[in-house]
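Asker: Pasting the feature list from Swiss-Prot:
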{"type": "BINDING", "residues": "24-35, Leu64, Glu85, 129-130, Arg147", "note": "S-adenosyl-L-methionine binding site"}
{"type": "BINDING", "residues": "Phe35", "note": "substrate binding site"}
{"type": "MOD_RES", "residues": "Lys53", "note": "N6-acetyllysine"}
Amino acid sequence: MSLGIKEHPDAEVQKNRVLTLDDWQDKWVTRHIAFHQEQGHQLLKKHFDTFLKGQSGLRVFFPLCGKAIEMKWFADRGHTVVGVEISEIGIREFFAEQNLSYTEEPLTEIAGAKVFKSSSGNISLYCCSIFDLPRANIGKFDRIWDRGALVAVNPGDRDRYADIILSLLRKGYHYLLVVLSYDPTKHTGPPFYVPDAELKKLFGTKCNMQCLEEVDALEERHKTWGVDYFFEKLYLLTEK
């Protein structure tokens with residue numbers, strides 16, 4: 001369903017906005033985590049079967065995973081989940097809130113990084129920057145669920161981010177991606193506005209891109225930012 005969302009002419013206005021890893025860790029410390037969705041994402045629920053295509057034993061990647069409960073949805077269905085998150089608080093809260101026992105160990109490839117693994121063995125969460133992750137050799141993935149990652153990455157880092165994502169995709173992949181549309185002159189981000197033209201630049205040469213759905217996602221907290229519209233657009237990216 002198309003809502004006829006127009007591209008904003010001032011898409012470049014956020015391009016120099018930068019948040020550091022410390023800024024993101026501080027959000028967890030100060031509990032500024034409105035981006036976390038307690039019930040999981042409704043668009044993923046709706047398109048879950050389409051995304052999985054009835055396949056079993058998939059490897060699923062969650063970039064900038066936080067404590068997303070959707071990770072357990074996949075694990076409970078027998079899939080292997082790997083996430084990356086800079087905040088150790090977020091990772092520990094995921095395991096605590098989902099009542100999962102886990103182990104933790106340092107990552108020798110990345111100074112100061114750790115990997116947390118569920119005792120069942122099918123959830124592994126890496127506590128490090130996603131830009132350091134390639135050194136951990138985590139393998140390739142059949143599915144990627146990206147609800148709050150591309151829209152959180154500094155606009156100047158999107159090319160690097162896309163390169164990492166593309167390097168993690170296995171033949172026959174499905175990459176499900178949510179981007180946001182709002183007036184970027186009213187809110188500095190994050191989350192950032194990602195126009196369609198930017199998506200095509202990042203992924204269009206390697207991926208087929210299909211917009212599955214556009215939804216009006218305006219909440220009161222968005223209005224406090226000064227924006228008067230806020231749309232989510234769900235894309236499915238597949239192999240060309």
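A Cβ is built for glycine as well, from the same backbone N, Cα and C atoms used for every other residue.
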Asker: For Trp24 (S-adenosyl-L-methionine binding site), which DSSP three-state class applies?
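Answerer: Assignment for Trp24 (S-adenosyl-L-methionine binding site) reads helix.
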Asker: Give the sequence-ordered list of residues that share a chain with Trp24 (S-adenosyl-L-methionine binding site), lie 6 or more positions from it, and have CB atoms under 8 Å from its CB.
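Answerer: Once residues fewer than 6 apart are set aside, Trp24 (S-adenosyl-L-methionine binding site) is near Ile86, Ser87, Ala152.
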Asker: Give the distance between the Cα atoms of Leu64 (S-adenosyl-L-methionine binding site) and Lys53 (N6-acetyllysine), rounded to the nearest whole Å.
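Answerer: Per the Cα atoms, Leu64 (S-adenosyl-L-methionine binding site) and Lys53 (N6-acetyllysine) stand 24 Å apart.
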Asker: Tally every other Cβ atom lying within 10 Å of the Cβ atom of Lys27 (S-adenosyl-L-methionine binding site).
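Answerer: A 10 Å sphere around the Cβ of Lys27 (S-adenosyl-L-methionine binding site) contains 20 other Cβ atoms.
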Asker: Let me spell it out: for each of the binding-site residues (Leu64, Ile130), count the other Cβ atoms within 10 Å of that residue's Cβ, using every protein chain shown. Which one has the most?
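Answerer: Within the set of binding-site residues, the most crowded position is Leu64.
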Asker: Please report how many Å separate the Cα atom of Lys27 (S-adenosyl-L-methionine binding site) from that of the residue listed as 'N6-acetyllysine', as a whole number.
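Answerer: If we compare the Cα positions of Lys27 (S-adenosyl-L-methionine binding site) and the residue listed as 'N6-acetyllysine', the gap is 36 Å.
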